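Take a look at the structure below.
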Amino acid sequence: MSDNNQALKDAGLKVTLPRLKILEVLQQPECQHISAEELYKKLIDLSEEIGLATVYRVLNQFDDAGIVTRHHFEGGKSVFELSTQHHHDHLVCLDCGEVIEFSDDVIEQRQKEIAAKYNVQLTNHSLYLYGKCGSDGSCKDNPNAHKPKK
C-alpha cells in the first residue's frame, strides 16, 4: 500500500482517486500555499478530470483531518499547505502575493518569553508578516525579487 493510501486511511478518509491526485499535487514543492482554484488549474494541466467543487470538498476534508493547514493571508483567499512540515512562519508580499517561509530561533525564543511573562503556557502559534516589495513593487516581473539577501 502506498504512503498516500495509508495517510488517507490514517486520517479516517476513504481512498479515492480524486483524494490521491490532490494529495500528490500538494506534495510538489511548488504547490505549497496553493489556493483551491490554482490546484484545480494544476489538475487540469495534468489532464485530471476533477471538478472544482470536488477540489474544494477534498481540501475541506483534508483540513478537517489535519492533512493540510489552511491559511487566510491578506486578500481573503484561503491557501493550503501540507501539515506534515516543520514549524515555520510566513512573510507575505502584498504586491505579488509571494509567500516566503522562514524560521528564526530568536523570534521563537522571544515568543516563548512573552508568553511566560504573561503566565501563558504556549501550545501553538503562527506568525504572519506582511509587507510590500522593497524593490519598488516590480516583484511581479522579477522572479528573484524575494530571494534572501546575502
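Cβ coordinates come from backbone N, Cα and C, glycine included.
DSSP assigns Glu101 (Zn(2+) binding site) to a strand in the three-state reduction. The Zn(2+) binding site feature in Swiss-Prot is assigned to His33, Glu81, His90, Cys93, Cys96, Glu101.
For the recorded site, Asp89 (Fe cation binding site), the DSSP three-state label reads strand. Taken from Swiss-Prot, the feature Fe cation binding site applies to His87, Asp89, Glu108, His125, supported by similarity to another entry.
Per-residue confidence over the region 'DNA-binding' (1-84) averages out at a pLDDT of 90. Annotation comment: Swiss-Prot describes 1-84 as region 'DNA-binding'.
Positions annotated as region 'Dimerization' by Swiss-Prot, on the basis of similarity to another entry: 85-143.
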| said: Below 8 Å Cβ to Cβ and six or more residues apart, same chain only. Which residues does that give for His33 (Zn(2+) binding site)? | reply: His71, Val79, Phe80, Glu81, Val99
| task | Run through the Cβ atoms and count how many others sit within 10 Å of the one on Cys93 (Zn(2+) binding site). | result | 20
| Under 8 Å Cβ-Cβ from His125 (Fe cation binding site), six or more apart in the same chain: what's there? | Gln111
| Environment of His87, Asp89, Glu108, His125, the listed Fe cation site - residues of the same chain whose CB lies within 8 A of the CB centroid | His88, Ser103, Ile107, Gln111, Ser126, Leu127
| Once the chains shown are all counted, how many other Cβ atoms turn up within 10 Å of the Cβ of Glu101 (Zn(2+) binding site)? | 13
| Alpha-carbon distance [Glu101 (Zn(2+) binding site); Glu108 (Fe cation binding site)] in Å | 14
